[in-house]
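Q: The structure is given below, and queries will be raised subsequently.
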Amino acid sequence: MKEKNPWYTPLTIIITVIGVIAIVALVTVAVLQNRPLLQKYKYGIVLDAGSSHTALYIYQWPAEKDNNTGRVEQKHSCKVTGKGISSYAAQPEKAGMSLTECMQEAEMVVPAKRHSETPLYLGATAGMRLLNIENRSASDQVFQAVEKALQSFPFSYQGARILSGQEEGAFGWVTVNYLDDRLKQGLETTGALDLGGASTQISFVSHDYDISESPSNSMTFRLYGNDYNLYTHSFLCYGKDQVLRMALAKQTQLGPSTILDPCFHPGYTTTRNYSSLYDSPCVSGRRPREAPTNFSHKGEGNFTKCQEVVKSLFNTTACKYSKCSFNGVFQPPLQGPFGAFSAYYYVMNFLNLTDTSIHLETVKNNLASYCATPWNQIKQMHLSNVKEKYLAEYCFSGTYILTLLTEGYNFTKETYSNIKFIKKIKGSDAGWTLGYMLNLTNMIPAEAPDSPPLPHAGYVSIVTVIAVLLFILLILSLRPVWPRCSKQPQIV
Ligand SMILES: O=P(O)(O)OP(=O)(O)OP(=O)(O)OC[C@H]1O[C@@H](n2cnc3c(O)ncnc32)[C@H](O)[C@@H]1O
């Protein structure tokens, strides 16, 4: 005789099957509905037409999230061969042609079906600012050639223009803080220090900054629901190439045929041409009246003397404000951490001096011994993997960077460690280009976007738990129809 299981009634079996199907259906719908879609991207292209060279950056972001919530990241970069577009003043059409290779690369990287909707921008910085001052029509012709070249590609061309120094500084700050997720989260921001070839920028938020003291240094933003009052200044001619010209001009103002330069290694010697040295608005006014065609440039390798030469390029006496950096430019008290990029990074990385926790005096001593190293020895160690021009200039550039930071911007041995030398943040280059594109495409909203209250996994778990609970409740509510278990075994 078998005992009959009271649960094996048609009703309970039907309820169980329906319940299980309902739960599976509910969870499946929740998972499918909230499953991240197969990623499709949108793209934007920015050309950084700098004084020393042009670089192309391609950014991408999830297509369904271009409404302010998706993360924009750098997908690709391309370094244009040759010099910056301002160097083509005498043959403007070559400025346009120089961009061809990188633009063709962009055509390959951006999927063809996205070409026509991909915005393409070109922003020119200090090299073109200088050319514009020196020769307006040459600068216009360079732009015409560049525009013509860019319009021949299948992207949505949005124009080429010269960025003001203020914009360059502010967009660099936006890039750094966007990539670090500081803007979205409303965290304390990082200041931006950018050292180019022809200009240098400093940008930071200071709570002690009274805009009325120097309105031209202020930029205000409302980003993700937070207000920022940014201090920014760009020093034209204080990029590392132009400042080297100024240092050489200082040492050749009497028109000598030989100079012994403390900023170059002992044993370094080259011949330089007076006309090409003084061929820049940064130094043209100081050209000696009587000078030979060339001069012999010899290195001495003396850091302390080099620092004196560099210091003489900063006027730190005249200041009509409560506080200045140099050359009579207002600067509020430094505040917070700083990211130093472009040539700051290239130079300090080469010199192995990116660790700012090392005492500033030790950093100077290390640089002093590098500067004192004979040129032959330096070449032997590095010439196989570093351009000779860069190699010859690292002693000068390192000295300039330390002097600019301490004598120019007033970083002290205590605040020096607030600086971090950076090249990339989360895979994207630090620089003004990303901030520029985010701004032009309105990709950073003024107000914080609404975000779903729960992450996807949390949402699915809650739906599952509720479904199971409902099912248990349903079973319990059917208690009256549950088959009773009698103590007497049923006889089948
Ligand atoms: O912003 P502007 O002033 O227009 O200049 P840029 O856009 O051309 O400036 P970059 O940041 O590209 O480069 C800054 C400088 O660093 C130099 N540079 C680039 N790579 C370098 C390296 O590996 N070592 C040393 N210097 C380097 C370059 O020649 C410039 O003088």
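Glycine too: its Cβ is placed from the backbone N, Cα and C atoms.
Those TrEMBL annotations? Automatic predictions, nothing curated.
Here TrEMBL flags 12-32, 458-478 as transmembrane segment. Annotation source TrEMBL lists active site, proton acceptor at GLU168. Per TrEMBL, ATP binding site is recorded for GLY197, ALA198, SER199, THR200, GLN201.
Walk me through where these features lie, including what they touch and how far apart they are.
A: Around GLU168 (active site, proton acceptor), a 10 Å sphere centred on its CB holds 31 further CB atoms from the protein chains shown.
Look at GLY197 (ATP binding site): DSSP puts it in coil. When other Cβ atoms within 10 Å of the Cβ of GLY197 (ATP binding site) are tallied across all protein chains shown, the result is 22.
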Q: Filter the candidate list GLU168, GLY197, ALA198, GLN201 of recorded positions, keeping only entries whose CB is under 6 Å from an atom of ligand 1.
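A: Once distances to ligand 1 are taken from each Cβ, GLY197, ALA198 fall under 6 Å.
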Q: Work out how many Å separate THR200 (ATP binding site) and GLU168 (active site, proton acceptor) at their Cα atoms, rounded off.
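A: On Cα coordinates alone, these residues lie 9 Å apart.
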Q: Compute the centroid of the Cβ atoms of GLY197, ALA198, SER199, THR200, GLN201, then list the same-chain residues not in that set whose Cβ lies within 8 Å of it, in sequence order, for the ATP site.
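A: Not counting the recorded site residues, we get SER51, THR125, ALA126, GLY165, GLU168, ASP194, LEU195, GLY196, SER234, PHE235, LEU236, TYR238, GLY239, LYS240, GLN242.
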Q: Look at the binding-site residues SER199, THR200, GLN201 and tell me which residue has the greatest number of other C-beta atoms within 10 angstroms of its C-beta.
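A: Counting every other Cβ within 10 Å of each candidate, the maximum falls on THR200.
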Q: I'm trying to understand the geometry here, so how far is the Cα atom of SER199 (ATP binding site) from the Cα atom of GLU168 (active site, proton acceptor), in Å to the nearest whole number?
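A: Between the Cα atoms of SER199 (ATP binding site) and GLU168 (active site, proton acceptor), the distance comes to 10 Å.
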Q: With GLU168 (active site, proton acceptor) as the reference Cα, tell me which of the binding-site residues GLY197, ALA198, GLN201 is the closest one.
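A: Ranked by Cα distance from GLU168 (active site, proton acceptor), first place goes to GLN201.
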